[in-house]
């Protein structure tokens, strides 16, 4: 998305094999976008793909490429220790003006910023999946984020064609703070035997106009991811009933029934 809007992007990952797969995935995604965007102009579509891919290079060594960057967006595993280790390293090699941002959906931005010496040039940029389709970016301002940094992150979000909303560094920001407790409440409703999961899904789709019901959404997101988020919030606020763990969710994760990606979660998938 950044490359398609004219930014020079270096995509960093752990191996060349992963990067090859990623580049192929980006090409496929661009082809899908151009089919819609340039339906009657195939030449313009081919040009758009070529120009976008020209803006994109790959590397397995983040420290060696960060010296010429204005913005670092981290989107690695949801593990604070691993993220902090990466940010600490990059902080040593990045120029002074470089802004750091995390795409985390559930961890505290402030804790990551504190692993660096650039707390004022650190914020959250939470994109939504699938990024080429979803218009929203949550821009997160910690108590230390400078106004200039915050404005730069908002401007960048607009420059890549997104609609930014702003939120303080609070668990789950806006969307997940409302969405995760809602999904957990649906599980509790089902656990109590008040309604079937199928009826809860139909009710929320037809009654609230949601594209997916809560159980379909949990399976789509991944039950392990949802459990990870709720466990993290529960440890932060153990007395908050909205963050209470669910025995059923824990049992499914233990049985490796993680949703769509494993073929079974609350529902079975062929």
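Every residue gets a Cβ built from N, Cα and C, even glycine.
Going by TrEMBL, these are the annotated features:
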BINDING   29, 36, 105  CoA binding site
DOMAIN    1-170  domain '3-hydroxyacyl-CoA dehydrogenase NAD binding'
DOMAIN    172-269  domain '3-hydroxyacyl-CoA dehydrogenase C-terminal'
SITE      126  site 'Important for catalytic activity'
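The Cβ of residue 29 (CoA binding site) lies under 8 Å from the Cβ of 132, each of which sits 6+ residues away along the same chain. Here the C-alpha separation of residue 126 (site 'Important for catalytic activity') and residue 36 (CoA binding site) works out to 26 Å. If you draw a 10 Å sphere around the CB of residue 36 (CoA binding site), it holds 8 other CB atoms from the protein chains shown.
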